[in-house]
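All remarks here apply to the structure that follows.
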Amino acid sequence: IQPYEKIKARGLPDNIASVLNKLVVVKLNGGLGTSMGCKGPKSLIGVRNENTFLDLTVQQIEHLNKSYNTDVPLVLMNSFNTDEDTKKILQKYSLSRVKIYTFNQSRYPRINKETLLPIAKDVSYSGENTECWYPPGHGDIYASFYNSGLLDNLIAEGKEYIFVSNIDNLGATVDLYILNHLMNPPNGKRCEFVMEVTNKTRADVKGGTLTQYENKLRLVEIAQVPKAHVDEFKSVSKFKIFNTNNLWIALSAIKRLQEKNAIDMEIIVNPKTLDGGLNVIQLETAVGAAIKSFENSLGINVPRSRFLPVKTTSDLLLVMSNLYSLNAGSLTMSEKREFPTVPLVKLGSSFTKVQDYLRRFESIPDMLELDHLTVSGDVTFGKNVSLKGTVIIIANHGDRIDIPAGALLENKIVSGNLRILDH
């Protein structure tokens, strides 16, 4: 695992545009916004100044193409859940300086946990049959990309590497130093697979980690860890880094391995309960698990700023706040924050859905000096509230707390009942 500083220290060559022209950006866009209470593709949720995840991605790549006069395309891996809605929205980018391609990942049958048989009655995907199918995780990218014909087309156009990341990771921007390291390796031998890892904090107990086994790097995910060892896996002392799922992979290597059927990924068993109470099993794979099938793979320990996922409204609060400034689709931590760590924010169940969350904040609080925020119960925030240090706000069941406009809370615990009425 190489430190990012060492890779950055090499600097950039004069011909960075010719290196960029060999790159394709791939975003994993198969997920729905259901965990945040939204219907439709997660990539269409507004995250900053009305911009969605997809808007920010297109802005980043367009900025790159304009700055360097290059032609980096964007490829979206959709699922049958997100394809139709995504394609409708793509029309709005028809005039932007980014070529956008899509392909679909596979559709697999959910399996009845008791009988181990598919629950679908036929292969249709409509009506009551919709619940019978699922997209089998992002490890499906290799086969689906290859089968779509897009992989061959991009190779024919002279593209050499893809940069793959989750569409909800706002830190996953194209890094020219890593790209240069791939295209112009110091020892002359190119890496076929680079995984960006970053140091764990207490907030990252779930991320997969890299291990070395039989001279190959391997990804170990929490779902593969026996129950008895889960705490050990989560500890910061044993595994200090985790996978950001920002990956750089050689196109020619994907083609070679796919043709030999040589990509070997561990299967993750994901148990689910459907709305009707039926227990089913989904078999999934993770894109990073293929690292052991590639030659000369490498982990790069990148700054935490390259991992800024938005999985919950607590994450959304951080990226909407003044902790970050937005420039050409990229979010960077504000220079006004004295230390670069991100505050720990925990919003309770009243904030889970995006529409509830938005209703509870008249404006996003000033969080430049915040370390920790916990909110539980029926709480609303007025305009121009400032939060500093550690702030804990707990409204007991049946109570409501309205934080008044202009309030400054610094190292405060607020509990009980506080109603502010308009007159």
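Each position is counted from 1, following the chain as shown.
Using the three backbone atoms N, Cα and C, a Cβ is placed for every residue, glycine included.
Per TrEMBL, UTP binding site is recorded for K42, Q105, G137, D168, K311. As annotated by TrEMBL, substrate binding site applies to H138.
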Greatest inter-residue Cα distance in Å for the UTP-binding set K42, Q105, G137, D168, K311: 21
Cα distance (Å, whole number) from the residue listed as 'substrate binding site' to K311 (UTP binding site): 16
Cβ-Cβ distance under 8 Å to D168 (UTP binding site), same chain, at least six residues away: G31, K42, S43, F53, P309, V310, K311
Cα distance (Å, whole number) from the residue listed as 'substrate binding site' to Q105 (UTP binding site): 8
